[in-house]
Amino acid sequence: MVRINPSILAADFVNLQRDLARIPSADFVHVDVMDNHFVPNLTFGLQMVGRIQDVSSLPLDVHLMIDDVDRWAPEYAKLGAFSVTFHAEATDAPVDLARRLRSLGSRAGIALKPGTPAEPYLDDLAEFDQVLVMTVEPGFGGQGFLAETMPKLQQVRDAVDAAGVDVWLQVDGGIDLSTIAVARDAGADTFVAGSAVYGAADPDLRVSALREAALRHGEQGHTH
Ligand SMILES: O=C(CO)[C@@H](O)[C@H](O)COP(=O)(O)O
Ligand SMILES: [Co+2]
């Protein structure tokens, strides 16, 4: 199973509805919320994500790069977002927050910055629906893929398989037609791509090409 989630951070914010309609083959639309505190960049908040939820035919994969997630993450679940991912670095009680998100009907994701170890969360994997291993420092699109995050991704993959739990492993940052194979090899099944999709002349064709690149790689002997 391979999921391709285009990030609208690379779309035209003035023509978001048009750009949302350009990726019909995608699995989810990845929505980057930034507050200029947790990361040094600012995008949009609850009101905007509510409108995206209203007009999108794809389910929303919300990535919160904000402080105060205990307060704000549940509000995104209440909007009807399919999945809400908060950063581990932004809360002292990730399991409690994940339970709250699930109780509100959303999937619960936990994200790890490149320098954040996975160990503290590996015993609680069943509490989450998704682990996001950031492959760039969060905050900006168009950065280069950090291959040094791959051992951590593999470590999470091994722990998920050993526990026998159904947790999606997402990568986000610098995913393109070549790095998607590297991340697939290390165990990812869910791929966020911003500039690789919206920088293409035909974004939907690029979604298909990314999917094929990941699947082709999987067929060549890697069956994560
Ligand atoms: O969360 C983030 C950035 O912090 C991402 O979702 C970016 O939007 C990915 O952009 P590309 O690296 O694919 O251009
Ligand atoms: Co993101």
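If you go along the chain as it appears here, the first residue is 1 and each next one adds 1.
Placed from the backbone N, Cα and C atoms, the Cβ positions cover glycine too.
Note: TrEMBL annotation is automatic and uncurated.
According to TrEMBL, the substrate binding site annotation covers Ser7, His63, Gly139, Phe140, Gly141, Gly142, Asp172, Gly173, Gly174, Gly194, Ser195. The divalent metal cation binding site annotation in TrEMBL covers His30, Asp32, His63, Asp172. Per TrEMBL, active site, proton acceptor is recorded for Asp32. The active site, proton donor annotation in TrEMBL covers Asp172.
In the vicinity of ligand 2, defined as a Cβ distance under 6 Å, the following of the binding-site residues Asp172, Gly174, Ser195 are placed: Asp172. Each residue contributes its Cα atom, and for Asp32 (divalent metal cation binding site) and Gly139 (substrate binding site) those atoms are 9 Å apart. Each residue in Asn5, Ser7, Leu9, Val31, Asp61, Val62, Thr85, Leu132, Val192, Gly194 lies on the same chain as His30, Asp32, His63, Asp172 and has a C-beta within 8 Å of the C-beta centroid of that divalent metal cation site, without being one of the site residues. Distance from the CA of Gly174 (substrate binding site) to the CA of His63 (divalent metal cation binding site) is 16 Å. Apart from Ser7, His63, Gly139, Phe140, Gly141, Gly142, Asp172, Gly173, Gly174, Gly194, Ser195, the substrate site neighbourhood in this chain, defined by C-beta within 8 angstroms of the site C-beta centre, holds Leu9, Ala10, Asp32, Val136, Gln143, Val192. Here the CA atom of His30 (divalent metal cation binding site) lies 14 Å from the CA atom of Gly174 (substrate binding site). A gap of 10 Å separates the Cα atoms of Asp172 (substrate binding site) and His30 (divalent metal cation binding site). Counting every protein chain shown, the number of other Cβ atoms lying within 10 Å of the Cβ of Gly139 (substrate binding site) is 19. Between the CA atoms of His30 (divalent metal cation binding site) and Ser195 (substrate binding site) there is a gap of 12 Å. Listed in sequence order, Ser7, Leu9, Ala10, Asp32, Gly194, Ser195 are the same-chain residues six or more apart from Gly141 (substrate binding site) with CB atoms under 8 A from its CB. Taking every protein chain shown into account, Asp32, Asp172 are the binding-site residues, and of these the Cβ with the most other Cβ atoms within 10 Å belongs to Asp172.
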